[in-house]
Structure formats: C-alpha cells, structure tokens
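For reference, the structure is listed below as structure tokens.
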Amino acid sequence: MSQKPVLVILGPTASGKTELAFRIARKTGGEIISADSRQIYRSMDIGTAKPPKWMLNEVKHHFIDEKEIGEPFSAGDFAEQAAERIRELRQRGITPIVAGGSTLYLEGLLKGFAELPQSNPEIRARLKHELELHGAEALYRRLEAFDPEQAKTLDPTKTQRLIRSLEIIEISGTTVTALQRKTSGPPPGIEFTVIALDLPREVLYERINRRTSEMMHAGLEAETRHLFDKFRDEWRSKKLNALATVGYRELFEHFEGLYNLETAEALIAQHTRNYAKRQLTFFRNRLDVEWVKGPLDEAGIEALVESLCEKIA
C-alpha cells in the first residue's frame, strides 16, 4: 500500500501554523518538522515565537533548539536532514507534519535546488564595494529592474542575498527567478500535500501587531540584551546572520542608541508586516500550494484539523 503524502503547513508569520500543526500532531500521534530558520537556534526564544515549553514537551518538534547561534545550517542542510527524518519517522509508523514559514527551507525541501553558478570573487568584491559607496537601496533598485520577482522576496536590508542575486545575473546572464524554475525536484519517495493559510490582510496585520506587543511584555528586550552583551562585536561586524532577524535587529539598534524603545517596538511590528508580505509573494510565485482560509475561531480550527487529518492519517 502506498504511503499517504506528507502534510506541509505553511503561511506567513502569525497565521496560526504552530497551533494547527500541534493539534494535528497530537491527534495523529505525529511529530513536527519545523521549517523555521531561526527557531533552530538556542537562546532565540521569544523573538522567534517558538512553541511554548508545554507544546514541545507534549509533541516532538524537530529542528528547534538544535544549534548554537553561529553554527552554520543552510537551506540545503535542512532539506537533506528533513527528508531523512521524514523517512525515519515513517519507518517507525509515525506521521510527520512539516510546518513553518522560512521560504528557502520550504523551497529546498519541496522542490529541490536550482543549479546556480559558483561565486565569482571579483564580481562579489565589486558589488560589495558598490554597496559601501551607494547603499543597499541602490542595489535593490537595480535588482528590481532585472529580476522584479526575486526582488519582491528579499528584505532590502539583508544584503547577502541581494548581492548574490546580482552576482548570479552578471555571471549567468539570466535571473535567479529563471534559474529557479529548473530545480532538482523533491526528495525521492516522498510526496507532499502543501496547504497555505490565507487570512484577510487586516486580520494578519492585527495579529502581528498584537504578537509584537505580547513579545515585549514577555521579555523580548531582556532576551535581546543578553544576546547583545554576548554578541555585540559579531553584530557590529555583521558576522552572524541570525542576529539580523526581525525583533532582534531593531532592539540591537536601540541598544546602540539609534532610537528609543517605543520606536524599536513600532519598527518590529512594521518590519514583521513587511516580512509577511514577502512570504506571501514567495509562496504564490514559487511554490505549488493549496490555499485554505485560516481559521479565525475555535470552531474553525477544529474543522480544519479534522479535514487535514483525513488527508494524512
């Protein structure tokens, strides 16, 4: 008998993925494969909206608290290891449920990777020099002109992927978007059912605003202060990409004296809304998903849990 497909629950930040995946896993006796590139790091708890301890104790979550900040872990590492764990769980008769919103993690697992050209040190050095001279906005506008679809998925302030995208265009003569259409495919022997939670924009933004306030009340400032005291040199030299995460970046800048705490909180909410918009653009343009209405109340959650359990159990 052929195995049922693996359920993948994706959606923008604050859309309810964590709660939905937990309930399905609890009902089916399953385990959760977390596709979140920041929750994998220890000491980044409040700002990454990790599931609470009682959830982690009740249902096994993979790829949460498995790495120290600074340990390398790429989208390729995730795709390979997630496929291995899915196979292991199935061999033990356990239902795996993938849930998360990290775009490159999800794309790597579901579609595989495109063959991208190797980095060219001369081109990369020149682009970095142009970044220093003209700033990230100028390079972002250039990418918008050449590859608007890729630009929509990027945070203009995170320059590593911006430079890499422009480098690929110069080396290959084509865009990242065009190259990504030719991927290596999903892992052998695993089929996926991919659903994405769709919420009215005003509801999603209100959830983001409320969650930002809740994070601050839960101690995000103190959590970030601990990280700032430990990693301020790495932050200033931009050596740790994890520290550029929304929620931490703004508070690091507050500790550096760039603005007051109230402004930092407002920026966290604003930047999180921007991130959610980029996630939605990515899911719609780059992944093959079934959009479902995100539940707005308890009855809606229970109905969706029942419906999705039928697909996989």
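FYI, residue positions are counted from 1 along the chain as it appears here.
Backbone N, Cα and C atoms are what each Cβ position is placed from, and that goes for glycine too.
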State the residue range annotated as region 'Interaction with substrate tRNA' by Swiss-Prot; the candidates are 28-31, 36-39, 100-103, 236-239.
-> 36-39
So which range, 140-144, 160-164, 275-279, 295-299, gets flagged region 'Interaction with substrate tRNA' in Swiss-Prot?
-> 160-164
Grab the same-chain neighbours of the region 'Interaction with substrate tRNA' (160-164) for me: Cβ-Cβ under 8 Å, and only residues 6 or more beyond its ends, written as numbers and ranges.
-> 119, 124, 127-128, 131, 136, 139-140, 143, 154, 241
If we count other C-beta atoms within 10 Å, could you say which of the binding-site residues G11, P12, G16 has the fewest?
-> G16
Greatest C-beta neighbour count within 10 angstroms, which of the recorded positions S15, S102 | S15
Arithmetic mean of per-residue pLDDT over the region 'Interaction with substrate tRNA' (160-164) = 89
Near R124 (site 'Interaction with substrate tRNA'), which residues of its chain come within a Cβ-Cβ distance under 8 Å, counting only those 6 or more away in sequence?
-> I163, E167
Measure from the CA atom of S102 (site 'Interaction with substrate tRNA') to the CA atom of T18 (ATP binding site) and give the result in Å, rounded to a whole number.
-> 13
Take the C-alpha atoms of S102 (site 'Interaction with substrate tRNA') and A14 (ATP binding site) and report the distance between them in angstrom, rounded.
-> 13
